[in-house]
Amino acid sequence: MTISLVFLAVLMLVFGGWLFSHSINVRPWEAQSEATPAEGITNRASHLPLYFTAARVGLVVFLAVVTAVFALTISAYLMRMEMGPDWRPLPTPGLLWLNTASLVLGSVALQRAWAAAKKGNDQVLRRCLMLGGGLTIAFILGQGVVWWQLHDAGYYLAGNPANAFFFLMTALHALHLLGGLVAWGRTLRKVQRGASAVEVRASVELCALYWHFLLLVWAILFALVLST
Amino acid sequence: MAEHGQESASYAAAGDLEEMELVHPRTFIGKYIWSQDAKVIAIQYGLTAMAIGLVALVLSILMRLQLGFPGVFSLIDPSSYLQYVSMHGMIMVVYLLTALFLGGFGNYLIPLMCGTRDMAFPYLNMLSFWFYLVSVLILVAGFFVPGGATGAGWTLYPPQAISPGTPGADGGVLLMFVSLIVFIAGFTMGGLNYIVTVLQARAQGMTLMRLPLTIWGIFMATVMALLAFPALLVAVLMMMCDMLLGTSFFMPEMLTLGEQSAHEGGSPLLFQHLFWFFGHPEVYIVALPAFGIVSDILATHARKNIFGYRMMVWAIIIIGVLSFVVWAHHMFVSGMNPYFGFLFATTTLIIAVPTAIKVYNWVLTLWKGNIHLTVPMLFAIGFIFTFVNGGLSGLFLGNVTVDVPLADTYFVVGHFHMVMAVAPVLVVFGAIYHWYPKITGRMLDDTLGKIHFWVTFLGAYAIFYPMHFLGFAGVPRRYYAYGETGYIADSVQALNAFISVAAIIVALTQLIFFFNLVWSYYRGRESGPNPWQATTLEWQTAHTPPRHGNFGERLPVVYRWAYDYGVPGAKQDYLPQNMPPEEVEAASDDAEADGEVRP
């Protein structure tokens with residue numbers, strides 16, 4: 001559980017620190033002094049900065065939840081590894097590297113799509129958006145092929161906890177990507193129907209951030225599988 | 001110049017909120033079924049939660065019938081008894097209390113108390129309720145599949161939860177897993193809404209430290225739930241793999257019914273860690289909204305500002321954080337390193353500090369207050385008593401050496417029912433009596449309310465106090481019958497019969513409450529907009545019940561915190577959060593003038 005606790009501790013430290021800065025020296029029970037009656041109204045200091053729109057904050061909160069899911073899975077992975085004598089690491093098919101490359105490129109493409117949306121460049125936006133989604137679909141299909149290869153080589157899901165965890169983690173990760181692809185599909189449809197870059201900018205941005213996050217999660221999962 | 005731009009931009013942002021596009025439904029179905037209005041969703045959540053709660057109440061009575069009068073009721077056999085225990089626990093903790101506090105009160109109160117028109121993502125909010133409803137239906141379906149619902153206990157410990165021989169191991173437990181997954185998905189959608197709305201959509205002037213404590217409680221509970229439910233999700237997913245795909249995450253090698261199982265090497269302890277990593281925060285997910293609501297009810301009905309507001313906020317946050325590092329105290333008897341046990345005993349006892357701060361502050365709020373013993377106030381004061389009583393027995397159980405002999409006895413049942421069942425349920429009732437006038441525009445009947453309170457409050461003690469004695473006598477929990485034992489005295493049976501009679505009386509009294517809810521909706525006294533003379537924004541709406549969009553033409557502007565009660569010199573003894581300072585001055589000038597006229 002160490003991993004989960006570290007994650008929680010970091011999260012709570014940030015949250016607590018932010019809260020502390022907004023509650024220390026605040027005396028809500030004191031009546032507003034007459035000289036500055038308006039201050040209480042105009043002082044939006046304790047509201048989040050403008051950069052944080054509702055959608056962005058929503059995404060960040062959701063990413064915290066997803067991080068909790070993966071942190072706990074990794075915790076379980078490490079604990080189970082210690083607990084049973086039956087843990088036999090499985091080989092890492094070379095295809096995983098190729099898949100990783102395609103996910104990295106997908107993330108880069110979406111980043112470029114976001115930049116294009118900011119500049120209002122409809123052409124580049126559309127091309128990069130499609131490329132990003134396509135590479136992600138390639139990644140998911142590639143993961144499927146890896147599953148098939150492992151299964152073919154006798155590394156069955158039920159055969160060994162290491163296999164089971166590998167299948168579970170890749171499945172969880174792919175499911176999250178599929179969820180992202182739904183959002184991506186809706187954005188792409190808007191673009192195809194002629195929505196301008198400005199209109200879809202917010203959606204593209206959320207997609208890009210989500211993709212970067214899932215790329216990071218994949219990097220951690222992959223490193224975990226490689227190192228154990 | 002740059003700063004000016006920033007400033008005007010922040011107003012533009014506030015302006016955006018004000019012009020937040022609401023979905024305006026025209027049809028009955030759009031208004032009340034597929035509604036995106038948080039208030040309607042709140043009532044949908046509330047009614048669904050109460051309906052499934054009634055099922056759990058009936059289950060508890062069935063259990064009591066068996067325990068009080070063993071063998072008399074032939075329809076209760078050992079496996080159905082275990083199913084009642086399991087379903088009662090899971091329903092009460094997750095599907096009633098969590099859903100009612102966060103989905104019900106959260107949805108109703110967050111937009112109103114923060115001074116906004118609706119949740120940040122109304123569509124997601126609607127989806128959240130429908131996921132919840134589906135999860136409840138899947139859960140109930142468990143009773144009707146072959147083999148019945150799961151009888152594994154609400155903790156669903158492997159290996160027995162999915163091993164042959166346990167009731168519901170064929171289909172019931174699977175439905176429980178699926179139901180939980182759907183619930184968690186739905187809750188995540190709702191939870192995102194609660195957090196983003198509190199962070200983003202507060203009215204002008206509503207700084208964090210001016211939020212009513214109800215919102216703080218619900219907010220922190222949501223944060224915790226969003227981080228804790230993933231543990232249950234992961235555990236349930238892994239157990240489903242064990243059950244359906246033959247993996248061995250949790251399932252050890254074992255003989256079941258004389259046959260070698262297909263699993264090997266899995267660790268049931270791993271499940272316990274994951275489960276309680278969710279399960280312990282869950283206690284506080286239920287308790288924190290109750291803490292917040294009680295604070296507001298006490299301040300309003302004692303006409304006094306809450307004692308130590310900042311301390312209360314920080315206590316809520318510290319409890320929330322600490323509750324993530326105490327989970328293993330549920331596993332003292334599962335076998336662990338003694339140092340590990342010592343660590344968790346320590347953190348468990350430390351959590352008593354912020355909790356005690358809250359209790360002291362509640363009592364000090366009452367001190368020299370102008371206490372109105374209204375029905376919500378009775379429930380709130382009843383909560384303080386019950387929570388302290390349940391909390392104190394928690395100090396016993398938090399110590400490893402005391403826990404070991406008391407584990408799995410009725411002492412534990414008595415403890416957790418007092419602290420996390422009766423106490424939050426008293427708050428649920430108090431909150432319903434408190435906010436019902438805003439929800440319907442009518443008061444609940446006072447006499448019926450008082451009968452409901454006294455029977456429920458005293459009855460709860462008649463039920464759960466004796467259980468502590470049963471625990472000392474060594475009576476194990478979860479047993480259908482005790483059979484021939486040398487150490488269980490005959491008097492235990494007499495006590496059990498007494499508890500059962502008390503439980504049946506309390507359960508029947510709840511019918512008075514439901515009758516009151518329905519009767520008052522049609523015949524209750526008109527409440528007016530602010531029957532309790534409360535300061536918070538939900539009582540200052542233009543219409544009661546609040547219409548679609550909550551507030552009238554303009555959103556409220558907040559000038560002060562939520563606890564300006566008993567203000568000297570004010571015309572009324574309270575200052576609503578949105579009363580401009582000019583009006584306050586004018587009113588107090590009037591009051592002074594009145595004072596001069598009077599001899």
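A Cβ is built for glycine as well, from the same backbone N, Cα and C atoms used for every other residue.
These numbers come from a predicted model, not from an experiment.
Residues or ranges marked as compositional bias 'Acidic residues' in TrEMBL: B:582-599.
Annotated domain 'Cytochrome oxidase subunit I profile' per TrEMBL: B:28-559, in sequence order. A mean pLDDT of 93 is what the model gives for the domain 'Cytochrome oxidase subunit I profile' (B:28-559).
Per TrEMBL, the feature region 'Disordered' maps to B:573-599.
The feature transmembrane segment is assigned by TrEMBL to B:45-67 (among others). Same-chain residues lying 6+ beyond the ends of the transmembrane segment (B:45-67) with a Cβ under 8 Å from its Cβ atoms: 73, 76, 81, 84-85, 87-88, 91-92, 95-96, 99-100, 103-104, 107-108, 129, 132-133, 136, 139-140, 480-481, 496, 499-500, 503-504, 507, 510.
Per TrEMBL, the feature transmembrane segment maps to B:87-110 (among others).
Look at TrEMBL and you will find B:130-154 (among others) tagged as transmembrane segment. Within its own chain, the transmembrane segment (B:130-154) has Cβ neighbours under 8 Å at 44-45, 48, 52, 55, 79-80, 82-83, 85-91, 93, 95, 99, 103, 160-162, 166-173, 175-176, 178-180, 182-183, 185-187, 189-190, 478, counting only residues six or more beyond its boundaries.
Annotation source TrEMBL lists transmembrane segment at B:174-199 (among others).
The list of residues near the transmembrane segment (B:211-240) in space but at least 6 beyond its ends in sequence, with Cβ under 8 angstroms from a Cβ of it, reads 98, 101-102, 105-106, 109-110, 113-114, 156, 158, 161-162, 174, 177, 180-181, 184, 187-188, 191-192, 194-195, 198, 202, 247, 249-250, 271, 274-275, 277-279, 281-282, 284-286, 288-293, 295-296, 306, 309, 312-313, 316-317, 320, 323-324, 536, 562. According to TrEMBL, the transmembrane segment annotation covers B:211-240 (among others).
The transmembrane segment annotation in TrEMBL covers B:274-299 (among others). Non-local neighbours of the transmembrane segment (B:274-299) in the same chain are 93-94, 97-98, 101-102, 105-106, 155-157, 212-218, 220-221, 224-225, 227-232, 234-235, 238, 305-306, 312, 316, 319-320, 323-324, 326-331, 358, 361-362, 365-366, 376-377, 379-381, 383-384, 416, 419-420, 423-424, 427-428, 430-431, 434, 534, 536, 562-563, 565; each lies 6+ residues outside the stretch with a CB under 8 Å from one of its CB atoms.
Sequence-remote contacts of a segment are chain residues at least 6 beyond its ends whose Cβ falls under 8 Å from one of its Cβ atoms, and for the transmembrane segment (B:311-333) they are 209, 213, 216-217, 220-221, 223-224, 227-228, 269, 272-273, 276-277, 279-281, 283-284, 287-288, 291-292, 295, 340-341, 344-345, 347-348, 350-351, 354-355, 357-358, 361, 397-398, 400, 403-404, 407-408. Among the features that TrEMBL reports, transmembrane segment is placed at B:311-333 (among others).
If you look up TrEMBL, you'll see B:339-363 (among others) marked as transmembrane segment.
Annotation comment: TrEMBL describes B:375-398 (among others) as transmembrane segment.
Sequence annotations record features per position, and here TrEMBL assigns transmembrane segment to B:410-433 (among others).
The transmembrane segment annotation in TrEMBL covers B:453-475 (among others).
If you look up TrEMBL, you'll see B:495-519 (among others) marked as transmembrane segment. If you look at the transmembrane segment (B:495-519), the same-chain residues 6 or more away from its ends with a CB under 8 A from one of its CBs are 57, 60-61, 64-65, 67-69, 429, 432, 436, 444-445, 448-449, 451-452, 455-456, 459-460, 462-463, 466-467, 469-470.
Taking pairs at least six residues apart, the transmembrane segment (B:87-110) and the transmembrane segment (B:410-433) share three or more Cβ pairs below 8 Å and count as touching.
Listed by sequence, the residues of this chain that lie at least six past the ends of the transmembrane segment (B:410-433) yet keep a Cβ under 8 A from its Cβ atoms are 92-93, 97, 100-101, 105, 283, 286-287, 289-290, 293-294, 297, 374-380, 382-383, 386-387, 389-391, 393-394, 396-397, 444, 449, 452-453, 456-457, 460, 463-468, 470-472, 475-477, 513, 517. Long-range Cβ contacts of the transmembrane segment (B:453-475) within its own chain (Cβ-Cβ under 8 Å, at least 6 residues beyond either end) map to 375, 378-379, 382, 386, 393, 406, 409-415, 417-418, 422, 426, 429, 482, 487-489, 492, 495-496, 498-499, 502-503, 505-506, 509-510. Taking Cβ pairs closer than 8 Å, the transmembrane segment (B:375-398) reaches residues 290, 294, 297-298, 301-302, 329, 345, 348-349, 352, 355, 359, 362-363, 366, 406, 411-412, 414-420, 422-423, 426-427, 429-431, 433-434, 444, 446, 449-450, 452-454, 457, 460, 468, 532 in its own chain, all 6 or more past its ends.
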